Amino acid sequence: MTPTTLDYLLWGALPYVVLAILIGGTIWRYRYDRFGWTTRSSQLYESRLLRIASPVFHFGLLVVVIGHVVGLLIPETWTDAVGITDDMYHVTALSLGAIAGVTTLGGIALLIYRRRTNGPVFSATTVNDKVMYLVLVAAILAGLTTTLLSAVAGLTGGHEVDYRETVSPWFRSIFILQPDVTAMTAASGAFKLHALIGLTLFALFPFTRLVHAFSAPVWYLFRPYVVYRTRGREPTPASRPIRRGWT
Amino acid sequence: MAQRIGKVMAQVAMVMNLDKCIGCHTCSVTCKQAWTNRGGVEYVWFNNVETRPGQGYPRQHEDQDRWQGGWKRTAAGRLKPRAGGRLKRLATIFANPKMPSIQDYYEPWTYDYEHLVSAPLGDDIPGARPRSLITGDPMQIEWSANWDDDLAGGEELGSQDPIVKKIGDKVKFEYEQSFMFYLPRICEHCLNPSCVASCPSGAMYKRAEDGIVLVDQDKCRGWRMCVTGCPYKKVYFNHKTGKAEKCTLCYPRVEVGMPTVCSETCVGRLRYLGVILYDVERVGKAAAVKDERDLYEAQLDVFLDPDDPDVQAAALRDGIPQRWIESAQRSPIHMLAKRFRVALPLHPEYRTMPMVWYIPPLSPVVDALSETGHDGEDADNLFAAVDTLRIPIEYLAELFTAGDTEPVKAVLNRLAAMRAHMRRLNLGDTPDETIAEAVGLTGRDIEQMYRLLALAKYDDRYVIPTAYGVDEADRGVIDEIGCSLDFEGGPGMGGPFGEASGTPQPASVETFHALRDRQTSDDAAGAARRFNLLNWDGNGRPPGLFPARDQKHSSARDQKHSSARDQKHSPERDQQVRNEEAK
């Protein structure tokens, strides 16, 4: 399949626009709105449902993210080299992916149900949040669809287009600034849709509450418990800032 | 020779004399007006006054089996946050399992005042129904920050006090036998703060100069672990901004040598503020002593004597300014806690080394003794009565000394001795040194203690050095910047990422103009005075009755425009005012 102009726009140009928005937007948000950079937790209002739904969603999502990293970044030749057959790889990837995806979807469904039915939580929901939820759920649904389609194709013996020969090379090619539009053009419609929604999510990322993911507090593991901060040395009279008044 | 002196640090600490607290809540109200009269913190009281016995605010916060606040001593003798160490915290970061809900504090409300004037004409007098400040819906008020004030609810509510549950039938709720006292609470600004230890982002910190524990609003990411970590439940979650907030010990005031708002406005003058020098290297070991009843003594050992030349040399070595050392020598906190030993820490068993201490209440002991026909101010009678006080010593001991009654008894005996000693002086009898000796003091000590506790002059109660980098000449000068939270990116309202993000907008156009006029006008009353309608005789059109013409159409949207233009008095406007005055 030869790429059309639209393919070049979507898979050749759009990724760079999204990258620019993601990086530039994050920097801008950090400088302009560090105070708004928070999880905006609603646990104070309601904690019974949250205590189940939120960990289910987040841990599911963590597995999904790791799955994406492995699937997109590790080339097929590498796994072949260590002796993992295609079938082994796909069975593991699809089963793990399906479990993680369904868990994530279940978690977010429960979270959205909570958000809609609990009065205080709903009234603390902004338009920004609603748009974000929409795109996030769409991304998860499209991702699960690709997984299911691949699984069905595997079971029925039909040959579904392997994402490791289409989407993954394209994804890696973006970062060496030579986007492999042909590879992505060959991918199936479900993968294309999932990639597009994913790109939308990345573009929205810096402008939503999702930014809290960027401040995952891993550093906590390595710092002493009690934090001291100092205002610096006592300034000498010469370095003391001049204040209003007569002295 | 005493212990080696490690790194010396200074802490601004507080003592409250509970005998003087009348439970008027003035501290709470002025604190709220100063710090938490904003959206998202409607339910938050940085300062609250609890009636004890009572459940406190939030409800039963002292039950650490349930809330898991503070530190725990491990079998190896090390300290670990009770709710779990670093790994457990990160593993439970997606939903804090031990966070109080809004119902554990109380659901804040306002009243539907508009209904009073907008209700249709009818036979019934319109009422103002309570409405939730969380949802905006009409609600039933069932709890508040001081719902059980003055033992309201009696045994039904009072028996739910975690300490009452622990010491059982020592606490009586029958009217004739009941007792109560007030316990004002702020953040303890601990030497070993478990809230700081719980913060995954590292946004909470203890200031090295004055020990004030603060939350960096730009670094806080809303993980809520500090709320759990603090056993006193004095870190709160702002549900609008998604950030933690807490008592700041009014640091903008303390930095320029002024007392906190709660201290300044205290009707009973029961609060004391001063500097304590302490050895930060001893804190960890002291907080981890095996028997929790030793924690009070261990904390006293961490405090350094500012009159000791070695301590002074060590303090200078560690960069503490001379005026802070001199201030520490006059510190009422050092005198009450360490020298006279009449102040006790609140819940030392949490192992956070709290720095707001309390002088326990002596109960109405003199009257009680007089009623039984005894001389109510005789020292021996008083000492004997301390054991049978209406407020059980066991209750006070659970609050202040991890259940050890001896230190509490010693404090109450000293307070009783002060009464007996001072009575002899006031009646012109010969002072009896044996009274003072019986409690391990001298007559002179007792007179000094009396001056500090009973006379309590402003300058004796608040001995606060100006902050490092702030000159003594700046004492009492706070730059008027309007709202202290109105800085760029501060917690103002509005913005695209939720209600409180982005640059703030002024509270209202009216206050915006009023503040600016006041700041830029040449006379005290301000240029654009408003006319007081109550003084109007109905004749003519006095100046200020209507807003000046160029302001009338200004709206929030063109404020930026108009503020630049109005910064100086515009000639047209001055002309207009003069014209109107001429009429």
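Cβ atoms are placed via backbone N, Cα and C, with glycine included.
Keep in mind it's a predicted model, so treat the numbers as computed, not measured.
Per TrEMBL, the feature domain '4Fe-4S ferredoxin-type' maps to B:12-40, B:178-209, B:211-240. Here TrEMBL flags B:533-583 as region 'Disordered'. Summarising the annotation, TrEMBL assigns compositional bias 'Basic and acidic residues' to B:549-583.
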Original post:
Residue counts in helix (H, G, I), strand (E, B) and coil for the domain '4Fe-4S ferredoxin-type' (B:12-40), per DSSP?
Top reply: 13 helix, 6 strand, 10 coil
**OP:** Report the DSSP secondary-structure composition of the domain '4Fe-4S ferredoxin-type' (B:178-209) as helix, strand and coil residue counts.
**Re:** 5 helix, 9 strand, 18 coil
Original post:
Quick one: DSSP breakdown of the domain '4Fe-4S ferredoxin-type' (B:211-240) into helix, strand and coil?
Top reply: 5 helix, 7 strand, 18 coil
**OP:** Kindly state the mean pLDDT of the domain '4Fe-4S ferredoxin-type' (B:12-40) in the predicted structure.
**Re:** 95
